[in-house]
Amino acid sequence: MVRRLIIGISGASGFQYGVKALELLRAQDVETHLVVSKGAEMARASETAYARDEVYALADFVHPIGNIGACIASGTFKTDGMLVAPCSMRTLASVAHGFGDNLLTRAADVVLKERRRLVLMVRETPLNLAHLDNMKRVTEMGGVVFPPVPAMYRKPQTADDIVAHSVAHALSLFGIDTPDSAEWQGMAD
């Protein structure tokens, strides 16, 4: 089977995480299926210099958020799972409560019901009790809550270094290794 991953980009700050995932996966020859929420489109326009077509060109397939009939909305369409990068608290809540009211949340629901890997790069701070409860629910359902916390031990020089390391670590949870996912070798004596 071809390696195939769904990339969801939802409306939290950090659109760059989704773009970096697409860039790293293209270099790994992984077939990507992209779905972008309306909130994510707003974040792209306000936080980045990326043009929509430039981002969409990084994916093998782009699915409109309203297309509930897309291939990724069915469990018979085999994937390695789904990465939502970034994941808004609205998307987290929808996934935690089984609301598949758009293609992004429907695809996440399908990934969970098929017992495939779902990784949510949640972007919010501070957290309230509803956020924590939703994270707990998703974890109990088999999903992975993965806040993109900077790894300062890597001595990042740029924001892109921080983004690349977080995304590479998230992709390693799917068994996808990238140059940015080097293993920690311990501290020098």
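Every residue, even glycine, has its Cβ placed from backbone N, Cα and C.
The following features are taken from Swiss-Prot:
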{"type": "BINDING", "residues": "GLY11, ALA12, SER13, SER37, SER88, MET89, ARG90, THR91, ARG123", "note": "FMN binding site"}
{"type": "BINDING", "residues": "TYR153", "note": "dimethylallyl phosphate binding site"}
Exercise for the section: Just name the most isolated of the binding-site residues ARG90, ARG123, going by other Cβ atoms within 10 Å of its Cβ. Expected result: ARG90
Fill in the blank from the handout: Rounded to a whole number of Å, the separation of the Cα atoms of SER88 (FMN binding site) and TYR153 (dimethylallyl phosphate binding site) comes to 27
Problem - Residue among binding-site residues SER13, SER88 with least C-beta crowding, 10 angstrom cut-off - result: SER13
Exercise for the section: Measure between the Cα atoms of every pair in GLY11, ALA12, SER13, SER37, SER88, MET89, ARG90, THR91, ARG123, the residues the record assigns to FMN, and report the largest value in Å, rounded to a whole number. Expected result: 15
Problem - Remaining residues near the recorded FMN site, that is with C-beta within 8 Å of the centroid of the site residues GLY11, ALA12, SER13, SER37, SER88, MET89, ARG90, THR91, ARG123 - result: SER10, GLY39, ALA40, PRO86, CYS87, LEU92, GLU124
Handout entry: Cβ packing number for the residue listed as 'dimethylallyl phosphate binding site', 10 Å threshold
Key = 9
